[in-house]
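Okay, so here's the structure we're looking at.
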């Protein structure tokens, strides 16, 4: 049913509540990522395969790399370009690959390192720049895929600053600021948080450095409006900061807002994710064989508002489609993908105002004038008045009822039938 005809209180729910689907992936999911508009879900698998599912049918439609060139070890991260045409994948096979989904048979470009890749994110998709973290490296790498792939260390440019800086440990995670795309945030194995200002491939500047914990920083996320930063650490605590960057991108100010912990079970957290826009909610997956839930907190008050249940195993990666308001997470043991969605009951009275649901059949009583003949002249006059109303069937609405932009560019992925049949038969 058209979403505009649904119950507005159900449509505008800010987070899903019920497990609605389970996607069985025979190749065992390691990581996952929605396309920018939520039309597709990319799954990185344990054998190095990349499988893309259509979220309308919950069926695979594309397996990039059917003419060699696919990863040969588990995929560690996936990143979509804003238009949904390009994909970045990193893997434990020491390589990062760039895929053009209009020609998915083999990677468009790739670059290899000397150790496994922790993760990779877009820095500027238009210029084909990305940033990656490598196993047991003290600095992140900026990679340029515009021509022949080139990698450069994201290091402190000032030697005096470098000599006076204590050991930060190995770089584990990184993210790019959503409102200041030239600001790169890096987390290390010794709890340091470093902010870099990117000028060019060979020129970077460390503008702020702060030690927030003595343990590993496992995950960094920035809200869509750029005002909140959440940090998942191995000390069983998720820290939420208000982040402020000046107009010249030269100074950073962090203010601690909340700390999220499971004070009863002392659980660690596998993955964290903000909701859209102002990040009113924060969702996290729990670590441990006995923990099978996703926790959702309200970021303003720091209170737990929802626990998503239904999975029968530990959950790892998380992603949130804000168009359909669905959350997905992959299971640790089976590799299946669990989908939580907003369940909207059909509101048929929107189509027929006198519609009423009944629990059992009732005898219909005909009204006295229900089937009386209508004067043809009056009927014709009413039809003419209705025909005079102009109906625009071409102009698309810019925003849906949740405020998501409907006019963003979307790429349609061609279906790869042959590879899908081989995957399902394996």
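Any Cβ shown, glycine's included, is placed from N, Cα and C.
Predicted, not measured: the structure shown is a model, and the values here were computed from it.
The Cβ of residue 236 (DNA binding site) has 17 neighbouring Cβ atoms from other residues within 10 Å, across all protein chains displayed. Residues or ranges marked as DNA binding site in Swiss-Prot (evidence: experimental evidence): 236, 266.
Sequence annotations record features per position, and here Swiss-Prot assigns repeat 'WD 1' to 24-63 based on sequence analysis. Sequence-distant neighbours of the repeat 'WD 1' (24-63) (same chain, 6+ residues past either end, Cβ-Cβ under 8 Å): 70-80, 82-84, 87, 89, 91, 93, 99, 101, 104, 316-317, 319-324, 326, 328-331, 334-337, 339, 408, 410, 413-416, 419-420, 423-424, 426.
In terms of DSSP helix, strand and coil, the repeat 'WD 2' (70-109) has 0 helix, 19 strand, 21 coil. The repeat 'WD 2' annotation in Swiss-Prot covers 70-109 and rests on sequence analysis.
Per-residue pLDDT, averaged across the repeat 'WD 3' (212-251), gives 93. What Swiss-Prot records for 212-251 is repeat 'WD 3', and it gives sequence analysis as the kind of evidence.
DSSP assignment over the repeat 'WD 4' (264-307) gives 0 helix, 21 strand, 23 coil. What Swiss-Prot records for 264-307 is repeat 'WD 4', and it gives sequence analysis as the kind of evidence.
What Swiss-Prot records for 310-350 is repeat 'WD 5'.
Cβ neighbour count for residue 266 (DNA binding site) (all protein chains, 10 Å cutoff from its Cβ): 9.
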